[in-house]
Amino acid sequence: MVSGQSGVVLGLGVLALLSVGPLVVALRRARAHGDWDLSASLVCATGLLASLPSVVYILRGGRQEQVDAFGDVEIGFPGWVDRVGTLANGLLLVVCVAFVAHRLLLRRLRVLLAPLLACALVVVLALSDGLHGQPFLVPRQLVLIAVLCAAAVARPGRPAFVGAAAAVLLFSVLSGAEALLSPAAVLRPCRPDNPCGLLGIHYAGVFTNENILSLVLVLGMPFVWLGLRGGVRVLLVCYLAFLAVVTGSRLAGVAALATLALLVLLRPRLDGAATRPAAWRTLLALPLLAATALVGLVLPFHHPGPARLGDRAVIWDMARAELSRSPLTGLGGTAWSAKYPAGEIPAAVSPSLHNQWIDVLFAGGLLGLALFVLLLLYLALRGGVTGLPVAACVLLPVLICSVLERPWSFGISNSLTFLLVAAVLLPVPAPRAAAAMAPASGASRAAAPARTPRPRPAATARGR
């Protein structure tokens, strides 16, 4: 790490400490308004437990990367970290079962369709694994199914968004704290095939690489804006956008700026969701989502080649050549990652196909792709014109990142699963008449206070 990088990392650590104040204010306000409940705890716990192995590994031992015979960084953790992951997955499974059991005791339980659609896609990929000789229902597939089943009976809207926002901001603070304590541990080296970003660094924080951190930050921005209350949410969203640019991921930088611009233009609100938005907002949102999705779908099949896209173009061509083996149900959710132990692909491209669309098509075939498209359409259109600004702001960063990354994993649970859970818990705007009589989204039965309650001064003594 050179001196210029040291100054940048120190600045990131200081910014993280400064963000603690607004974060505490926002979470206290969420608690005072009744926004934090068991659904928020479920989403937050999903994020923290799924990322626990990576966070513990970086905080305890720093970034100790090993290189394989091909000169690529080996994937995987030491044995003790894998045991932490096993414990975390087991605990998350217990949390989900307990949450479902608790929610089933309610008299007026509402089962949500969006999490069930996502769960159906996971099941299709798991069945395809079994059909093609891969292990059927590996532990992390079971955890993913359990989390989505729990989401199907959770409270949609602000509680889920608050939980996701809390996890994202906590990761940013932990990354900044590690930057102060061990600056070299939060950086990854720059290479000719992966040059540094605008500030001359690859900032990975407490995750194994900068791409994971950047996706967490970008996909979490809408939930910070929508879930938290008050002006501090705008400050925190701008902070996350800045961090996404700093990570060095060019895709994340573009997605962060586009998401921030859309949030400012549409100004989505959960409390005012029953108010019909201006026509130009709707006219902007739908074509933007459709065009971004179309680019992501077409690019793996019509791309400029390795000279422009590097290894992505190569692995897309590899995947396309194998689609004919099982066009209907795909090859399974773990089929691509299994190519790394077999020596067919390098470690850097083993987690996914680096495009959401061809990743789903390769793993789940036409059936999986149809379920994925149905899920996106349902999330975008279920709220009608009234709910479109909220849905557009949540889905736009997902669709932008889907062009060159895989933000949502339907094969196994990972560090981004909690953001998938929050996305499938988009609220449905209430009718105007009902909204006028209902409390604010995520509030308790009592009317939500306009601002964070303050303790009242003690009453004067009687008779004074």
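Using the three backbone atoms N, Cα and C, a Cβ is placed for every residue, glycine included.
Quick look at what TrEMBL annotates:
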- 237-373: domain 'O-antigen ligase-related' (DOMAIN)
- 441-464: region 'Disordered' (REGION)
- 6-26: transmembrane segment (TRANSMEM)
- 38-59: transmembrane segment (TRANSMEM)
- 87-105: transmembrane segment (TRANSMEM)
- 112-131: transmembrane segment (TRANSMEM)
- 137-154: transmembrane segment (TRANSMEM)
- 161-181: transmembrane segment (TRANSMEM)
- 201-225: transmembrane segment (TRANSMEM)
- 237-266: transmembrane segment (TRANSMEM)
- 278-299: transmembrane segment (TRANSMEM)
- 360-381: transmembrane segment (TRANSMEM)
- 387-404: transmembrane segment (TRANSMEM)
- 416-435: transmembrane segment (TRANSMEM)
Based on Cβ pairs under 8 Å, which of the stretches 6-26, 112-131, 137-154, 278-299 lies most in contact with the transmembrane segment (87-105)?
137-154
Do the transmembrane segment (38-59) and the transmembrane segment (237-266) share at least 3 Cβ pairs under 8 Å, sequence separation 6 or more?
no
Hey, does the transmembrane segment (161-181) touch the transmembrane segment (6-26), meaning at least 3 C-beta pairs closer than 8 angstroms, sequence gap 6 or more?
yes
Summarise the domain 'O-antigen ligase-related' (237-373) by DSSP state, stating how many residues are helix, strand and coil.
90 helix, 0 strand, 47 coil
Winner by Cβ pairs under 8 Å against the transmembrane segment (161-181), considering only 112-131, 201-225, 278-299, 360-381, 387-404:
201-225
For the transmembrane segment (387-404), which stretch among 112-131, 201-225, 278-299, 360-381 has the most Cβ pairs under 8 A?
278-299
Can you name the far-off residues of the same chain, 6+ from the ends of the transmembrane segment (112-131), with a Cβ under 8 Å from a Cβ of it?
137-138, 141, 144-145, 148-149, 151-154, 156, 326, 329-335, 360, 363-365, 367-368, 371-372, 374-375, 378-379, 382, 410-411, 420-421, 424-426
